[in-house]
Amino acid sequence: MTSSRDALSIAQALLRCPSVTPADAGALGVLETLLKDAGFTAHRVTFSEPGAADIDNLYARIGDGAPHLCFAGHTDVVPPGDADAWSHGAFSGDVEGGLLYGRGAVDMKGGIACAVAAVLDHLAAHGGRPKGSISFLITGDEEDVAVNGTVKLLQWAADRGETFDHCIVGEPSNVEAIGDTIKIGRRGSQSGMLIVDGLQGHVAYPHRASNPIPDIAALITALNDEPLDQGSAQFQPSNLEFTSVDVGNPATNVIPAQARAKFNIRFNDHHTQDSLKALIEQRLAAACGNRIRARIEWLPSNADVFVTKPGNFTDLVTASIADVTGRTPDLNTGGGTSDARFIAKYCPVVEFGLVGQTMHQIDERTPVADLDQLTAIYRGVLERYFKS
């Protein structure tokens, strides 16, 4: 059986586990069995948090020396949506026309399957042991609140004395074809609620009331008028987006007492969460003057900005991609947040996996040929990494 076929069979086994967060549905067990059979020491660790579901996680390692390369990812998936809209069952793992179908095919059970297949191939070619250490850090809590997953598993590993030299997260990083993009960082994310207080009253007597709606509209305009920055060497400009405006007023003859607007900021490495909040508060105060009564309620966030500077590790991954695909990948920091933000606090990390065009969609799918290529790229990474 070829390694690409191994990746396919592993992916199918994972896809047939309906592991919608927080359910595991046997997905971690599939990986644990494969890795234990290959000589890994595996640990299943369950974390709890008040108000959140308990989540099972997997950490497996082979080898006890440096360098230590970690593959990280998640086996949980988003809900499939309308089951009847799928041309193949969302958890069928069916292959038709060279395409593998299933929720998680690209995000990111397919990527995990390729990493496992590549590692098994590498070990088979090198006497069953790496010239260093290889680990898998896999959570079932990435697609939801992400409080009982990677962030706690990393701390658990650190408390045991585990250290990582580099990490690859198998998120679907590519835009159109395998090898076109490596994610070397992510913007931070901070959400908040802008609240403007007015004075409720009858619309026929506006002089006896204070309407917060024109005021919140003016503040939204003011906060959007001036850019937060011009971007940096690795990041696009930071961006503030208002996502809703609400007054909770069902009446047409009552001026509301309060208006609220939700917003999110995706910010680059010019800012920290604290400095960003201070900047927005300063601009809000200037826009309010002495007339408008407004404040911001900031929502909790664990999504800090991070970047892995291009260097030997990104060069190694780039060379492995070029060998298999002939492409030179773009190193970028676009897109949303991922668990790589937690890993970046422990070691340099990049994200490289399948093509993300169908992730979270009905009929999520990946070409089987892409599984072949990604497995070959990961094999190349392993060969270079443990020779360097």
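Here, residue 1 is simply the first one shown, and the rest follow in order.
Yeah, the Cβs are placed from backbone N, Cα and C, and that goes for glycine too.
Note that this is a predicted model, so its numbers are computed, not measured.
Going through His271, His360 against Swiss-Prot, the one listed in the Zn(2+) 2 site together with Asp107, Glu143 turns out to be His360. The Zn(2+) 1 site recorded in Swiss-Prot comprises Asp107, Glu171 together with one of His68, His74, His207, namely His74. Look at His74 (Zn(2+) 1 binding site): DSSP puts it in a strand. Taking Cα separation as the measure, Asp107 (Zn(2+) 1 binding site) is nearest to His360 of the recorded positions Glu142, Glu143, His360. Long-range Cβ proximity for Glu142 (active site, proton acceptor), meaning a same-chain Cβ under 8 A and a gap of 6 or more residues, is found for Thr21, His74, Asp76, Gly149, Thr150, Ser338, Asp339. Here the Cβ of His360 (Zn(2+) 2 binding site) has 16 other Cβ atoms within 10 Å, regardless of which shown protein chain they belong to.
Cβ packing within 10 Å was compared across the recorded positions Asp76, Asp107, Glu143, Glu171, and the lowest neighbour count falls to Glu143. Mapped onto three states, the DSSP output places Glu171 (Zn(2+) 1 binding site) in coil. What surrounds the Zn(2+) 2 site, by Cβ distance within 8 Å of the Cβ centroid and not counting Asp107, Glu143, His360, is the set Val77, Val78, Arg103, Gly104, Met108, Met359 from the same chain.
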